[in-house]
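Database features (Swiss-Prot):
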type     : residues   : note
BINDING  : D36        : [4Fe-4S] cluster binding site
ACT_SITE : D293       : active site, proton donor
BINDING  : G437, M438 : substrate binding site
REGION   : 459-478    : region 'Disordered'
Amino acid sequence: MRLALWMYQGTAHHGVGRIANSMRGVHAVFHAPQGDDYVNPIFTMLERTPDFPRMTTSIVSGRDLAQGTVRLPETLRQVDAQVQPDLIIVCASCSTILLQEDLERMAHSAGTRAETLVYDANPYRMQEVRSADGLFTLLTQRFARSQPPTAVPSVNILGPASLGFHNRSDLICLRRMLATLGVQVNVVAPLGASIRDLERLPAAWATIAPYRELGQNAARWLDEQFGVPALTDSPIGVQPTLRWLRRLVETLNDAGERLQRLTNPLRLPPLTAFSLDGMSAPSSVPWFARTADMESYSMKRAFVFGDATHTVGMVKFLRDELGMQIVGAGTYLEHEADWVRGELQDYLPADETGSIDTSFLVTEVFQDVARRIADLTPELVCGTQMERHACRKLDLPCMVIAPPTHIENHLLSYRPVLGFDGADVLADTVYTTATLGMEKHLIDMFGDAGLEYEEPRTERREAEFGNQKVETGEPGTGAPVIAHADSNGGVAGSSSTLAAQTVTASPRLVTPVWAPEAQAMLKKVPFFVRGRVQKNVERYAAQHGYATITAEILVEAKEALGG
């Protein structure tokens with residue numbers, strides 16, 4: 001297990017907490033030291049619900065270990081008496097699992113009324129996503145019972161969960177589309193489900209599981225054990241939603257014929273029936289993408305990074321429906337990397353061998369993603385909360401499309417990602433996130449009108465080489481500084497000469513600086529590509545041994561780079 005400042009996934013017992021907090025009549029008890037009770041505040045901070053998190057930490061202290069005492073049985077009895085759950089899930093945290101204690105024996109000795117399940121959420125083998133999905137699959141296998149099918153077409157919706165990315169809004173959107181088709185919802189799980197609801201899962205005609213991260217393994221098991229077909233596509237975007245609806249109708253008609261329960265086959269109603277007012281088009285994306293504003297996006301470059309479901313869905317939405325260029329994508333879910341790579345094979349830039357490995361990134365290290373973004377400098381980044389932080393430093397527009405997220409992505413309002421409504425939300429977010437730039441263009445042309453906008457930071461940049469930092473601009477002034485290494489390995493500066501120079505010291509220790517006339521030319525470049533032009537010219541100057549970038553070198557670099 002790797003420790004870091006930021007991690008894309010929570011620990012294994014955080015995944016257990018997500019399932020317990022999603023369900024009714026289920027409570028999680030963590031056998032953990034005081035420091036591992038951070039999971040509770042995460043839910044109280046982010047989850048917009050009036051209830052307390054359905055989890056309790058049974059503290060393990062150094063005194064307990066020294067005296068050979070265990071608090072877990074007493075904690076289980078207290079939870080059983082006060083909360084009165086139907087099921088208590090017990091698991092060790094990433095710290096106490098090192099003790100290798102017999103939690104089964106401890107839980108059995110508590111003698112609780114509620115059923116107790118000890119879940120082996122080993123943090124050295126799994127993290128949040130696999131832990132949550134594994135637990136939900138286990139609960140499905142444990143409690144699902146053979147049931148007669150419902151009298152009318154019905155579906156299960158598996159996957160929405162506590163702290164899921166816009167899951168509550170997605171659920172509303174799915175319910176609306178199903179109601180339009182005349183299809184009932186049998187069970188939604190884990191969000192809002194009880195143990196009794198899990199028993200009723202086999203009664204549905206089909207199962208909808210739109211998220212690869214949670215619910216699809218349980219859906220496949222229901223198909224294998226009870227013959228309930230699973231629909232695992234993610235309706236992200238207008239065209240994927242249309243395909244999803246057609247496949248759902250086909251699946252339910254096949255199930256109805258097999259079950260001999262359907263007298264009149266289901267049919268898709270007019271598309272206007274799926275709109276909010278019942279009279280207009282269900283989504284505005286098809287016509288909006290052809291407006292003058294959005295057609296300009298066909299020249300914009302995008303980078304997408306996140307979990308499996310939202311990365312694939314967002315890449316296809318940006319390219320297929322908004323016409324943007326995808327310069328790179330990736331995921332932090334290593335166990336889903338092969339599926340994501342296969343889905344994006346025709347969407348990412350390939351090398352001469354046809355491989356997309358150079359443009360596809362699989363990593364759990366957020367610094368690697370930040371470096372890739374800095375190298376590509378796209379006009380739009382779609383990522384997680386970590387990419388949002390990285391892009392703020394790089395002054396690049398970023399929209400959050402996948403967990404991990406912060407409080408602003410757990411909204412009270414209706415903001416789905418799935419379905420026709422989700423397509424409109426995504427298009428709006430892209431449009432309001434990507435920079436149009438009219439304000440900055442006007443400031444460049446007419447001045448700031450006394451508003452004191454900051455100048456683009458072209459004359460002061462820091463370059464870090466190993467443990468050394470080279471200041472390439474005088475703080476608070478526009479005077480460029482020629483940086484070079486002194487005899488002791490330090491860095492000295494001089495602003496005396498602005499002519500082009502050949503670097504005689506190690507090129508690793510010198511960053512080219514901009515002469516005033518070159519800076520003036522750079523400011524004439526539209527701001528939304530200015531950063532990329534600056535970086536390319538600086539790279540060209542460093543490769544050719546120029547310590548100072550003059551107007552002549554800027555023109556030379558532009559011609560050499562094909563600009």
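Using N, Cα and C of the backbone, Cβ positions are placed for all residues, glycine too.
Here the recorded positions are D36, D293, and the one whose Cβ sees the fewest other Cβ atoms within 10 Å is D293. In this structure the alpha carbons, written CA, of D293 (active site, proton donor) and the residue listed as '[4Fe-4S] cluster binding site' are 49 Å apart. According to DSSP, D293 (active site, proton donor) sits within a helical segment. Under DSSP, D36 ([4Fe-4S] cluster binding site) is assigned to a helix (H, G or I) in the three-state scheme.
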